[in-house]
C-alpha cells in the first residue's frame, strides 16, 4: 500500500465519522515539549506557542506526517485564570499554528479547552463558564473546524464545557480523564457518557491519565452506558502511552514516577498497533494519543488501520511494515526479526534488574 499522495478535499469531522471513516488524532504536546525544553512542568501552560512557535509547529508537522487527521490547538490550561493577560495571545497563536500545518494536508483543526483549577474549590458555574466562553470566542474568531472539551475529572464541569462550546454551532467532542471507576464524584463511565451526549456532545470518550488498555476498558463501559440509555454518539479515545496497570483512580499523576521518570513505561510501536486495532474493534473511530505519544506512535495507529483508511501516512516511506526493512541486514539473527510474529510476541526487557515492574501509587 502506497503512502497518501496529494490532499483530498477536506470533509468535516462529523461527515467523516458519519461515513465510518477512521480519524487519527494527534499525540502528546506537554510532556514531549517539556522534554525538549519548551514547557515547564507544574501548571503545564502552553506559552511555547508564542515563545517558541517553531517548536510547536515542528511537532504539529511530525504528527501530520505520521498520519494525524486532526491538529488540536496547543491550548491546554490556556484560560484566563491560569495565564492572566497572556491567555488571548496564546489561544490565537495556537490556532494560527494548527491551521498553518493542517493546511498542508488532509487535517482538521480542533480548538481544545480543559478543566479549570476553580471547580474543585468553588464550583462557580457562571465564573467557570465565563472562562470557557473566553477561549471559545478566540476559537470562533479563528474559525476552527470543531471543538474538544478534554481532560475533565468531573462530569458536571465537563457538561458545563459542552454547553458553552455548543453555543458556537460547531461540532463538539468531549473526553474525560477517568478510568473504569468513573469520575471523582463517583459518576460511572456510562453515566458520564450519557451526561455528555445529553449536553450536546456528538463525540465522547476519554483522554489522558490512563494507559491504552485501561482507557479501552473505560470506553467499553461508556459505550454500554449509551446503549442502555438508547443514545448514540461517535466514540473517541486518546490514551496515555504508558503501561500503568498499577495506578489508582487518579491515574498516572499518583504514580511516584510522574512526571520525570515515566520512560520505562513507554509502550512500543507494536503495543500501539494493538491498541489501535482493539479500539477499532470496539467501534471507536476517532483514535489518537495524549501524553507520551510521539509521532512514531501515531504512525503505528495509521499503519495498523491503513487497510480501513485506504492509504499509509507519508512517514511510512521510512518504515518497513513489521520490521521488514531488517531483511537487508547483514546479520542473520537480525534478519530473522523482520516478521510480524517476532514483534507481536516479544516481551521487551527494561534493562533495570534492580527496579520493580510495578509501583505503589502515592494516593
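Yeah, the Cβs are placed from backbone N, Cα and C, and that goes for glycine too.
What TrEMBL says about a protein is an automatic prediction, not a curated fact.
Database features (TrEMBL):
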DOMAIN    11-305  domain 'Hcy-binding'
BINDING   208, 290, 291  Zn(2+) binding site
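In sequence order, 28, 30, 31, 151, 177, 207, 209, 238, 239, 240, 289, 292, 293 are the same-chain residues whose CB sits within 8 A of the CB centroid of 208, 290, 291, the residues recorded for Zn(2+) being left out. Ranking the binding-site residues 290, 291 by other CB atoms within 10 A of the CB puts 291 at the bottom.
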